[in-house]
Amino acid sequence: MSSGHIVQVIGAVMDVEFPRDSVPKVYDALTIEGKQLVLEVQQQLGDGIVRTIAMGSTDGIKRGLVVENTNKPVSVPVGTKTLGRIMDVLGNPIDEKGPIGEEERWSIHRSAPSYAEQSSSNELLETGIKVIDLVCPFAKGGKVGLFGGAGVGKTVNMMELIRNIAIEHSGYSVFAGVGERTREGNDFYHEMTDSNVIDKVSLVYGQMNEPPGNRLRVALTGLTMAEKFRDEGRDVLFFVDNIYRYTLAGTEVSALLGRMPSAVGYQPTLAEEMGVLQERITSTKTGSITSVQAVYVPADDLTDPSPATTFSHLDATVVLSRDIASLGIYPAIDPLDSTSRQLDPLVIGQEHYDVARGVQMVLQRYKELKDIIAILGMDELSEEDKQTVNRSRKIQRFLSQPFFVAEVFTGSPGKYVSLKDTIRGFKGILDGEFDDLPEQAFYMIGSIDEAVEKAKKL
């Protein structure tokens, strides 16, 4: 084991000098004597000096402290012992339940599966959320992104998906909280405990109050645990909240590492850093990883480099819209902006495809007619257009749905709607079977049968 000493400290970044014949490799983990702090080597600057990122607070660290090289990258516990536990970026338990007792530790830096090992499937994953199952269906072993600005419901949608999929799906899940609020992490833990699925979930948290090193690596820690389950031949669910904070942590340390900023101040290595993470989140012939990632959209601008870089890696994109949220329609998913590779008649069947496209067509037509209605009023429209507007307002309300995870706030019980019922409901509205029902009957309900019941009471 070689040792060196600290020569410079700039926030989360430190330079350490080693003898020239024993310079650590890039990504090696270093430990500081007498301190509970791990450093990760990022660059070799020459003359035996390496530049490192601290995986924790650098308070009280000074020049001259002795640093030991562990000669291996950061490794974390993997396997079934991690289930039901909360860990930090280094795999240390933070739930006060004693040591993890793992049988195996894996390095958080691993190469992505080769092209020959990868596999894809067309099997659909039912979520029980009408708007998702209809217009942007998820594939088993696929990657999904939830895009949205501040406060439109990314985390709530994510929680509902976890609840519906993790409870219906009997496999294991891994949740990585990357740079989000500790309160949300806490709520999530209690939600999982109350639903009795905590013993099937591994939780890894690196929250917003932590140094950038933790937030930059915590996604890799969670991913490593998911990869272990996948390589054992299981179907794993991998949830990340929030991918944007992973990019942001990279931006925070990028300038300190001496790189020139690129577009909008992001790191020049943005696409590569995103690729390193996303290329590993994939399904192989042994097992699958189905991932759901929340992506914060700065200032509601989807062309910002960070969300724009994420788009290209995904199979389905769910876009949350502030305009829809302001109408009081939750989940605030935009059915015209959200897309999925699975929306193909060969994959989902002709009926589902026709209903989904029919819904989008009616909503798009309503969008075009809005200006005319605003200027001239409804009376100036043709009978056909009036019918389209009425149906599209019903569809818009029928796309809303009470969530299980929001029961405490809304007071109305959550609803899980099967794909069959979803298609039947929207098909009925498009075919005019429910033209006589008032539009309020379609708001915040589950299946179409509830609309008929609700209309009787109105």
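Every residue, even glycine, has its Cβ placed from backbone N, Cα and C.
Residues annotated as ATP binding site in Swiss-Prot: Gly148, Gly149, Ala150, Gly151, Val152, Gly153, Lys154, Thr155.
Features recorded in Swiss-Prot, as mapped to the structure shown.
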residue: Gly148; record: ATP binding site; Cβ within 10 Å: 28
residue: Gly149; record: ATP binding site; Cβ within 10 Å: 17
residue: Ala150; record: ATP binding site; Cβ within 10 Å: 11
residue: Gly151; record: ATP binding site; Cβ within 10 Å: 10
residue: Val152; record: ATP binding site; Cβ within 10 Å: 24
residue: Gly153; record: ATP binding site; Cβ within 10 Å: 21
residue: Lys154; record: ATP binding site; Cβ within 10 Å: 27
residue: Thr155; record: ATP binding site; Cβ within 10 Å: 20
### Secondary structure at Gly151 (ATP binding site), reduced by DSSP to three states
coil
### Query
Quick one: which residues besides Gly148, Gly149, Ala150, Gly151, Val152, Gly153, Lys154, Thr155 have a Cβ within 8 Å of the ATP site's Cβ centroid, in sequence order?
Tyr296, Leu320
